[in-house]
Structures are given as C-alpha cells and as structure tokens.
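A short write-up of the structure that comes next.
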C-alpha cells in the first residue's frame, strides 16, 4: 500500500511539473518572439513589446542572464546570424538592427542598421550561408538584404496583395524564399530574379476542399515552418503553414510548384480533371493539384478553434517528428504529424500528441534539443513559459 501511494505521489509530481511551466522573467511587457540557439542548446533569446531582447540560460535561474534594451518600439522578430550566434538581428518598426552580444554595454549600439522596409517588419530570417536576410513587412513586400556588402539586394513585390506576415529561406534552394500573408497566398520567390510562383492559395483551397478550419475565419497565412536541412531525408521538401482559420497545413512545396507549372500549360479539359481530383479528397487529406496529398490538421482532429499564430518543427527527440503550433485560442498543440507519412495508415486520434493550455494568446514558440524544458512559449503576458514535452 505504501509503495502504491508513493508511486501515485511521484506521478502526481510529474503531472504537476508538466502543468506548471518554468516562468522566465526579464521583460516589462508582453513577449513577442523567441529563438533557440543551436550552438548553445540550452540558451534561448526572446524579444518583447518593451523593446528588449533577453538572453536566458535554462541551466541557470529563471531570470534573464543578459538584457538588451535595443529600441523604444516593440521588437517584432529575431534571428541569429547563421554560423555565428554571437551576432543577432532584431527588427523593430521598419528597421533591422545587428548586435554583437560580446560587446555588452549599458547602451546597446547596433553594428549595422538596415532601413530598407517601408512599413513595419513582421519577420526577419537569415539564410544558411549567412549572406542574406529576408524581411517581410506590412506593405506585402519582402526585402532581401545582402549582409556582406551590406546593401539592398532585391525587393520582392507584386506577389502579395495584402500584409506579408512571414518568410523563410528554403534550405534546398540557394536563391529562393517562401512567403505567406493576409491574402491567404503561399508564394515561392526566386530572389535572384525577383519572380514569384504561387504555391497554394488557401482561400480557393477551402472553397474546393472539404478540409477546412473554422469557416468563419479566412485562411490567412500567419507563419511558415520549414524543416532544417538534416530533417529533409525523413520529412521531404515540405513546409507547415499556420492558418487564420485554425488549421495547420502540411504541403510538399516541390510537388505544388510542379503542379502549378503543369496546370498553367494545360488545356481547359485537363484543368477540369485536376479540379475534379481535388473535390474527391478525404476530410483531412486532399489530393492537391497533381494528386500529391496535403495534410490539414484542424479542429476535427482536436486542433485549434481560433487562428494559428506560430508553429515549428521539433528539435527534441527524433528531430522533426512533431509539429508544434500555438494559437489565439491560448492553446499549444503538439502534432505527431509523422504518423501520416505512410499515407494515413494510422488512426486519426494518434496524430494529436498533446495539448497545453497556456492561458494567453500565443505569439511565438521554439524548441530546444533536450528531454525536459524543451518547449519555450511567448504569449501576451510578460513572462516566457517553458514546458516539457515527452
């Protein structure tokens, strides 16, 4: 009896630890974004509405090890310089600032300022070769900045018809990025030429498919996650898309691009056949334009009931096994999307691994390669929360 009670008490302590996250303190206003170091696996960096950038070492106490007051405006996005994580880029308003953390002072002065965007920047990312930044803004444009010169390399325009929320470099294509916005469009760009190719129009997808999120909300694209280069052998050349209607879509980028190219050169009869194939899709898998299957993780699988604001592929355990999404419903969903890699042979109930109630709308999240304290969440509070996903 005593052993049984001891086991139950131990289980209760584990459950309590999972339900009560670590609370990292350093911001004076709500946290807007977070990134995890690859070179220092237990170090994370966050930004906030307070214009601060905070560095946390999760091997230490739950207070910021370094606080950088970098702007009088909110810091909307962060990224490391690939290959040199002492260098960090922070976007605030229409400006991107570059800092070297080794030059710690009371007053942080940027090493470089990039003032090429005309409207507020929503996302900034650095490519694998540390040669370019991409910055998506409210005008619908994406600025490609050569950080070796430095200079503006290219402006990507006339693609999105509304705010561009997000952009990512494609690790398997040296001169291409993928972007998404409030026009519900997912676009791929050859930024050496400034040309765009439509990947998916999620607005028309919902009209032609039975796989939808919440029909009352438009399928705006709020965030994109692309697998890291070492995940590609298992995940294929895909991306995950956070949608405004509460769904998370997983699509094969290369197949979608090829399908659109084929469709543009086909006659009207072939076009009608393609649309017919779309219409025969199942509830959470549709055939796409070329028979390639798209996966939609929505409320019918236990998903979000409001807009999905952010998502990432997991770095803990088997890298890329989970897609983790956060939403305006104050929930974080951990999706075992890899159970669908074998074309749906698993039960639908197996794909949602777990749900975490954060208590506030989720702004950003990231993961670290550790067995515990491996999920970091920024929400509309000033406290950064750290959870353990097992």
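Cβ from N, Cα, C; glycine included.
For 1-12 (among others), the entry in TrEMBL reads compositional bias 'Low complexity'.
TrEMBL lists 1-24 (among others) with the feature region 'Disordered'.
TrEMBL lists 157-199 (among others) with the feature repeat 'WD'. Non-local neighbours of the repeat 'WD' (157-199) in the same chain are 122-123, 125-129, 132, 134-142, 144, 218-229, 232, 237, 239, 241, 244, 251, 253, 256-257, 260-261; each lies 6+ residues outside the stretch with a CB under 8 Å from one of its CB atoms.
The region 'Disordered' annotation in TrEMBL covers 261-290 (among others).
According to TrEMBL, the compositional bias 'Low complexity' annotation covers 262-283 (among others).
TrEMBL lists 301-336 (among others) with the feature repeat 'WD'. The helix, strand and coil residue counts that DSSP assigns across the repeat 'WD' (301-336) are 1 helix, 16 strand, 19 coil.
Per-residue pLDDT, averaged along the repeat 'WD' (157-199), amounts to 93 for this model.
Taking H, G and I as helix, E and B as strand and the rest as coil, DSSP gives the repeat 'WD' (157-199) the counts 0 helix, 23 strand, 20 coil.
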